[in-house]
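**Student:** Dropping a structure here in structure tokens format, bear with me for questions.
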Amino acid sequence: MALLRGVFIVAAKRTPFGAYGGLLKDFSATDLTEFAARAALSAGKVPPETIDSVIVGNVMQSSSDAAYLARHVGLRVGVPTETGALTLNRLCGSGFQSIVSGCQEICSKDAEVVLCGGTESMSQSPYCVRNVRFGTKFGLDLKLEDTLWAGLTDQHVKLPMGMTAENLAAKYNISREDCDRYALQSQQRWKAANEAGYFNEEMAPIEVKTKKGKQTMQVDEHARPQTTLEQLQKLPSVFKKDGTVTAGNASGVSDGAGAVIIASEDAVKKHNFTPLARVVGYFVSGCDPTIMGIGPVPAINGALKKAGLSLKDMDLIDVNEAFAPQFLSVQKALDLDPSKTNVSGGAIALGHPLGGSGSRITAHLVHELRRRGGKYAVGSACIGGGQGIALIIQNTA
């Protein structure tokens, strides 16, 4: 048993993911989390007053009120004023980390019911001018910094995230054609899952304003299901000459949020919640930052070891698709079964709003595991700076 107490997921919802500068661009990360949290509270029949803690992961802090994010989410959805809130940042693992931190609070009996979430509005990432607060020298050429682009570069190793994926492509002999074929598969699997309604249980529709008036958004906006291999092959590589990473086989810059409500076994019984899944275990691992994308390998292995399970026990595996060569390197290193890995597509198709992806992956695994009648699933993400995080869940149906 990897956890000291039984911890159960009693609700798991996410917003549709918006394209960069798309339908969700005017919603802050706080707004997006509020939508997901309200949907989760409603779906799980969880009264807000039963929430003991609010934990939300967010990376870019792109809105002016971002410092208050988790607190504002809690207050907006009716969580008692006396209940504390925490906004955390483990980069692309932040959505997963919110659940991990929630489990830790429950296991230490600091909380019984925790509203967890992950969120990002990449569209709202501002441009900034640094070092002007105390005046500038005559003639100084002020530089306008794109905080989004700057945030996707690891200054410690002086590499943009895309180059760490190129390093993995070289290390694991991943070709450009491999990457484009995988990107096409991600789009096609997303299309099939979307048309079959496999995202319906996790989705929290949002009313958005368009040129044609208000409409309900309930489908991921970034996905390009009509993409062909020929189109992908024509795209130029972005980070190095004759490289593998293109705009078509990398995760999409996007906006979105997810909310996962977890509760102790005692709380499930006390409040008569319906458990959807049990949190079996988790693991966080560091790795070489120049190949940060390999992080899911030690993370998944660590989580499985703690839980006394193996990859063969997993009915579903979901590894965040930061870049196609990154995912393919993880797949090769772990010898993942393609038939049960990223079965509904991933971030290459639907986008990767940094803090939101862990919550999205968890929500999808919860509902997809139940739909398929499977037992175990593991979700994982690589993390900029050289980390990996993994979370194992068990179907309770």
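One is the number of the first residue shown, and numbering goes on along the chain from there.
Each Cβ is built from the backbone N, Cα and C atoms, and glycine gets one as well.
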**Student:** If Swiss-Prot marks one of Lys312, Lys332 as N6-succinyllysine, which residue does it mark?
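**Tutor:** That would be Lys312, per the N6-succinyllysine annotation in Swiss-Prot.
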**Student:** Could you check Swiss-Prot and say which of Lys13, Lys305 is marked as N6-succinyllysine?
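**Tutor:** Candidates were Lys13, Lys305; Swiss-Prot attaches N6-succinyllysine to Lys305.
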**Student:** Check the candidates Lys109, Lys191 against Swiss-Prot and report the one noted as N6-acetyllysine.
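**Tutor:** Record lookup in Swiss-Prot returns N6-acetyllysine for Lys191.
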**Student:** Looking at Lys269, Lys306, which residue has the N6-acetyllysine feature per Swiss-Prot?
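**Tutor:** Checking Swiss-Prot against Lys269, Lys306, the N6-acetyllysine entry points to Lys269.
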**Student:** Can you tell which of Thr136, Thr227, Ser251 has the most other C-beta atoms within 10 Å, given these are the recorded positions?
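**Tutor:** The most densely surrounded of these recorded positions is Ser251.
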**Student:** Cβ within 8 angstroms of the Cβ centroid of Arg224, Thr227, Ser251: which residues besides those meet this for the CoA site?
**Tutor:** Ala183, Ser186, Gln187, His222, Ala223, Gly248, Gly252, Ile348, Ala349
**Student:** What is the number of other Cβ atoms found within 10 Å of the Cβ of Cys92 (active site, acyl-thioester intermediate)?
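**Tutor:** I get 34 for this one.
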**Student:** Among Lys25, Thr136, Lys137, Lys240, these being the modified residues, pick the one whose CA is nearest to that of His352 (site 'Increases nucleophilicity of active site Cys').
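**Tutor:** Out of the listed candidates, the nearest Cα belongs to Lys25.
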**Student:** Find the one among the recorded positions Cys92, Arg224, Ser251 whose C-alpha lies closest to that of Lys270 (N6-acetyllysine).
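**Tutor:** That would be Cys92, the closest of Cys92, Arg224, Ser251 to Lys270 (N6-acetyllysine).
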